[in-house]
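According to Swiss-Prot, the feature [4Fe-4S] cluster binding site maps to Cys573, Cys582. Positions annotated as chlorophyll a' binding site by Swiss-Prot, on the basis of sequence analysis: His675. According to Swiss-Prot, the feature phylloquinone binding site maps to Trp692, an assignment based on sequence analysis. According to Swiss-Prot, the feature transmembrane segment maps to 70-93, 156-179, 195-219, 291-309, 346-369, 385-411, 433-455, 531-549, 589-610, 664-686, 724-744.
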Amino acid sequence: MIIRSPEPEVKILVDRDPIKTSFEEWAKPGHFSRTIAKGPDTTTWIWNLHADAHDFDSHTSDLEEISRKVFSAHFGQLSIIFLWLSGMYFHGARFSNYEAWLSDPTHIGPSAQVVWPIVGQEILNGDVGGGFRGIQITSGFFQIWRASGITSELQLYCTAIGALVFAALMLFAGWFHYHKAAPKLAWFQDVESMLNHHLAGLLGLGSLSWAGHQVHVSLPINQFLNAGVDPKEIPLPHEFILNRDLLAQLYPSFSEGATPFFTLNWSKYSEFLTFRGGLDPVTGGLWLTDIAHHHLAIAILFLIAGHMYRTNWGIGHGLKDILEAHKGPFTGQGHKGLYEILTTSWHAQLSLNLAMLGSLTIVVAHHMYSMPPYPYLATDYATQLSLFTHHMWIGGFLIVGAAAHAAIFMVRDYDPTNRYNDLLDRVLRHRDAIISHLNWVCIFLGFHSFGLYIHNDTMSALGRPQDMFSDTAIQLQPVFAQWIQNTHALAPGVTAPGETASTSLTWGGGELVAVGGKVALLPIPLGTADFLVHHIHAFTIHVTVLILLKGVLFARSSRLIPDKANLGFRFPCDGPGRGGTCQVSAWDHVFLGLFWMYNAISVVIFHFSWKMQSDVWGSISDQGVVTHITGGNFAQSSITINGWLRDFLWAQASQVIQSYGSSLSAYGLFFLGAHFVWAFSLMFLFSGRGYWQELIESIVWAHNKLKVAPATQPRALSIVQGRAVGVTHYLLGGIATTWAFFLARIIAVG
């Protein structure tokens, strides 16, 4: 840590009334660009309008103005999020069976949408139990509401109204901080203050307030609910907060107040701040007392972290010093210059944030099923499948976004003149070695992982099961994964002596937890089948990384096109008269990377869906016999390609294909429609611009003949636009098809 003399007092960091509020200007399409504001000559205008409306770099080169626009847009985004949340809570209050579900969550399904009868679509209102007819929801909101202590629809109404107020407040803030008091560039670049406030405020105080809410409101209410008390009889949240005796009845140490805290006798609080591990056998979720303890601990960590960086007081860390001190044996100048990059290029900053947030989202996907945080979440199979799938897709998109903005940084913000021998420069100088090695890894993984399957298909086809790679013939056990599982299963009593069970039942060792005759979670066995599919995961992830990383490292120049930086972020080819240079722009790498991301995530969610139905989810008899949904067929069926097609895709598609005439029929229609959207994408991906321009010319001729030709000249989509429309429909169609396939299946059998 470096101690410096105190910095001078902070200057005024906002400009007052920098930009007047003008509805006339906003009403003019394309007001942000001189060219677009002139109005349309050809139909390309509408595409440019959409492409550039939020590309603030193209409106101005002034970093301060760009920063203000981004900052203001963030408030608009928050406003939309609050509006969406309000809608969710309003549906829970107005159209749902939340109170009925709360009284019997094992026999009643969650529903918060009732279809109006107009042309007979009231068939979609299925019987979710308890005499309620509606669409079964799979968002997990009911489980979150119960965990947070919401016991009535009135409370949901109040929260919905509160969220609307916050949405309005955010809209106002977005306007205020752009038009009335806009921060100066120095404010956006003050990273130490930003770290202190975000760490201590958002993460520290945010976690502390949630921990407080859990201890004072959620825990007592959930205690009553678990004991079978009628929600209407449970005291209201404010009564627990105002009346300490109420809490002391449930947790006797409450009667001592804060004395144990100040006398360091903290173990007194272990009634409601526990360290148990495992799942609550009543609800099948993590112990809420463990969760409260966790948030308190997280709050302490982040409150400390939020006091580590040097601001007005001249003590603490400076980010620039930390980065410049970071030198390794092979990294030359190390991280020198990174501080300047990250405070002047928001694309570089965004790229890092997207990569980390995307990875974190995928981590969330894996924890939601292995450590289900909310009561009755683990036995709601449709919600479990939806949450996993949703977080996997989101994580995949965020990581591709990270590569996109890294490439935009390389093209627009990277200045090679003052970058010499730092980490980034050294990576760029040996990019050929990086990419060619990564390419070799992809080829190796592809041939070997796929080869194992092809071997099995061949042996199976020739009737030689004894020569297949399987748990019953030639075993390829995932020994490292099994070792990790075993280590975690043994942790309680050894490395974590206070714990009564391991972090997740999936590690093994523990008993299974069942709620209402359904399996919540049990130890997940790993075998040859998992070994095979995990190497497909490795393959698809490495190919995605290869495409995206090549796009970033060759964004400015390559042997093929040395002056690529001058062509910009997206361009179709290197001009006329230079063949073989199409699909080389940084944008095209993002475009191609999206397809492999889709590949990678698809295999993951298919693996998860089948594995859970085969080895985890199912019912348990009074004698303790578990019957899994697909009867444990994963280990023997998923070791051939044919098995995936026959026993997963085809066998489990029967519910969506046969859904017509039932309450699941909407999924049947979506399955059909989304296939159509996906197929529609191929029209854009497999045909060239000239074909369409030729067609358009003859259609225009017909319009002229009939004297109905428009003033705006029709143009075919540009090559890049066609690819953008193609990949959008490809992903939308593919994801919606999977959604319909998964939900019709799991709602029917789960």
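Any Cβ shown, glycine's included, is placed from N, Cα and C.
The transmembrane segment (385-411) makes no contact with the transmembrane segment (291-309), as judged by fewer than three Cβ pairs under 8 Å among residues 6 or more apart in sequence. Within the same chain, the residues at least 6 positions away from His675 (chlorophyll a' binding site) whose Cβ sits under 8 Å from its Cβ are Gly733, Thr737, listed in sequence order.
Non-local neighbours of the transmembrane segment (291-309) in the same chain are 147, 191-193, 195-201, 203-208, 210-211, 214-215, 218-219, 272-275, 316-319, 373; each lies 6+ residues outside the stretch with a CB under 8 Å from one of its CB atoms.
For the pair Cys582 ([4Fe-4S] cluster binding site) and Trp692 (phylloquinone binding site), the Cα-Cα distance reads 19 Å.
In the three-state DSSP scheme, His675 (chlorophyll a' binding site) is classed as helix.
Long-range contacts of the transmembrane segment (664-686) within the same chain: residues 123-124, 126, 135, 655-658, 717, 722-723, 725-730, 732-737, 739-741, 743-744, 747-748, each at least 6 residues beyond the stretch ends and with a Cβ under 8 Å from a Cβ of the stretch. Cα spacing between the residue listed as 'phylloquinone binding site' and Cys573 ([4Fe-4S] cluster binding site): 18 Å, rounded to the nearest whole number.
Taking a C-beta cut-off of under 8 Å and a sequence gap of six or more, Cys573 ([4Fe-4S] cluster binding site) has these contacts in its own chain: Thr581, Cys582, Gln583, Val584, Ile719.
There are 17 other CB atoms within 10 A of the CB of Trp692 (phylloquinone binding site), with all protein chains counted. Outside the transmembrane segment (156-179), and at least 6 residues removed from its termini, the chain residues within Cβ reach (under 8 Å) are 17-21, 68-69, 71-76, 78-80, 82-83, 85-87, 89-90, 92-94, 98, 145, 150. Note on the transmembrane segment (195-219): residues 147-149, 237, 240-241, 247, 250-251, 272-273, 288-289, 291-292, 295-296, 298-299, 301-303, 305-309, 311, 319 of its chain, located 6 or more positions outside it, place their CB under 8 angstroms from a CB of the stretch. With a cut-off of 8 Å between Cβ atoms, the residues of this chain six or more beyond the transmembrane segment (70-93) that come close are 54, 56, 112-113, 139, 141-142, 145, 153-154, 156-157, 159-161, 163-164, 166-168, 170-171, 173-175, 177-178, 183, 188, 346.
Cβ neighbours within 10 Å of Cys582 ([4Fe-4S] cluster binding site), excluding its own Cβ and spanning all shown chains: 13. Under DSSP, Trp692 (phylloquinone binding site) is assigned to a helix (H, G or I) in the three-state scheme.
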